[in-house]
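Everything below concerns the one structure shown next.
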Amino acid sequence: MRRSDTIKMGVDRAPHRSLLYATGKVKTKDLGKPFIGVCNSYIDIIPGHVHLREFAEIVKEAIIEAGGIPFEFNTIGVDDGIAMGHIGMRYSLPSRELIVDSAETVINAHWFDGVFYIPNCDKITPGMLMAAARTNVPSVFVSGGPMEAGTSSSGKQLSLSSVFEGVGAYKSGKMTEEEFKDIENNACPTCGSCSGMFTANSMNCLMEMLGLALPGNGSVVATSDKRKELIFEAAKHLVRMVEEDVKPRDIITKEAIDDAFALDMAMGGSTNTVLHTLAIAKEAGIDYNLSEINKIAERIPYLAKIMPASDISMDDINKAGGVSAIINELTRIPEAIHPDRLTITGKTMGELVSEYKITNNQVIRSKDNPYSPVGGLSILYGNIAPEGAVIKVGAVDPTISVFEGEAIVFESQEQAQEAIDNGAVREGHVVIIRYEGPKGGPGMPEMLAPTSAIMGRGLGSSVALLTDGRFSGASRGISIGHISPEAAEGGPIALIENGDTIKIDLPNRTLHVNLSDQQLEERRKELKPFEPKIKNGWLGRYSKLVTNASNGGVMSI
Ligand SMILES: CC(C)(O)[C@@H](O)C(=O)O
Ligand SMILES: [Mg+2]
């Protein structure tokens, strides 16, 4: 008995069959075939998704060829780059929840036997992964693929982060208008997800490591015909998985989550992956503690330094062997990852990647010559972040290990941005941006504009930034986010005052303000209760129900 028999078999389902015939997609002879949902995310304001209408047509063709009947539906999407720096960014993380809930709704209301997911950009990928884990219907993923890197007139490799940092450089007089315009016009040359190791590409690579996508998913560019091959192969696996009843939770195990973080460490993934992977684990019924991530960081070397941490693009990574070559390299380190895990191909992860070799050691380092012996992401704890905070250590100036500075406090991203722009933020400052967490923002906005402004002004090694909000994958410098508990739930970040001394110790993974527990308690007595900034509509509801970043920023039921 198939799931979809619920909507198509027996006398009582005659009305349902009438409607299915009316779609023009089903004939009586097809009723025994698996019904496959095609969860697409076509939307033409996101360059990473602009090509997905045609993409889904190929997917449907591939599903029919593999013996299934495809039914397409769409999710919404937010372009984080376009939503950056204004109210739009407050909708970005909440959009992940709408994507999960809407995919669950369509999949369960129509009893699909399997789902072919087509994600690409920031919240769409984790939203769909969460939906797969939640519905636990056999699933495969083929993402839209990365954008090709841009090239400036002087031949420099560019990505979206070059434009964001260009804003800071231009505004502070460090870049001419001509150079600035040249970057703006050349940074994003094709469709696809932005070309660095930003959030979209980080999640699409991670999906390969989870075992839910085929080799090449994370790094083959959107414009390549190879994506078509991935689609046809994935469709065959999906129909087989439906027949064999192989479900997402057979693949998304605790070991798979460990390994997803391991890949993040090896590639210096976006800090957002921490938020999303915790949320995916939750949906898969896995109790995963944030502190586990540091144990993984200790055993995984940093092998691939990609934009914004270098000038290397995802396309360069693909040409140097791709994500599978990195995974294969990790299998050569004893006990580093779990190569015996199941993948959608029916092969183990170890078997699947065994043929993939690093072809250019300038781009992907070997385990014996890594950029750093420890991973590119780190979880910091201390009296500012009792439940944890996240930093992309791989994108910090390597000469910095301990940073001590003076707090300069802002109650919103906008206030901080103004102070950075007018020069009030100076060397030795630790910029605190609070009330920007999931509840406080609401929506935990990404702060690419302030982090890029700091970099663009040449303050990347002399100013730190701490927030209960989050960052873009394109953010770099001493940028510490996801501070939990957040200010809106009374976290200690709410108690910091201008002039406090903040100490960030990267090797020991700690984050402290020079105040005793007693001093913090004294200040707490003065703390005013949090008043939500938005009280109605979707964001009002979200602010009420969302949990903090150490819980993946998921909504409580
Ligand atoms: C706009 C970006 C670069 O996609 C950002 O939103 C990220 O999270 O990496
Ligand atoms: Mg983003």
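Even glycines carry a Cβ here, placed using N, Cα and C.
Positions annotated as domain 'Dihydroxy-acid/6-phosphogluconate dehydratase N-terminal' by TrEMBL: 33-351.
Mapped onto three states, the DSSP output places K123 (Mg(2+) binding site) in coil. Cβ neighbours of K123 (Mg(2+) binding site) (same chain, under 8 Å, six or more residues apart in sequence): G77, V78, D80, S92, L93, S95, R96, I99. Residues or ranges marked as Mg(2+) binding site in TrEMBL: D80, D122, K123, E446.
Taken from TrEMBL, the feature N6-carboxylysine applies to K123.
Summarising the annotation, TrEMBL assigns domain 'Dihydroxy-acid/6-phosphogluconate dehydratase C-terminal' to 362-552.
Annotation note: S472 (active site, proton acceptor) sits in a coil segment as assigned by DSSP. Long-range Cβ proximity for S472 (active site, proton acceptor), meaning a same-chain Cβ under 8 A and a gap of 6 or more residues, is found for D80, M84, S161, F164, F198, T199, S270, N272, E446, M447, L448, T451. Per TrEMBL, active site, proton acceptor is recorded for S472.
In sequence order, V78, A83, M89, S92, L93, C121, T199, A200, N272, S472 are the same-chain residues whose CB sits within 8 A of the CB centroid of D80, D122, K123, E446, the residues recorded for Mg(2+) being left out. Cβ neighbour count for D122 (Mg(2+) binding site) (all protein chains, 10 Å cutoff from its Cβ): 34.
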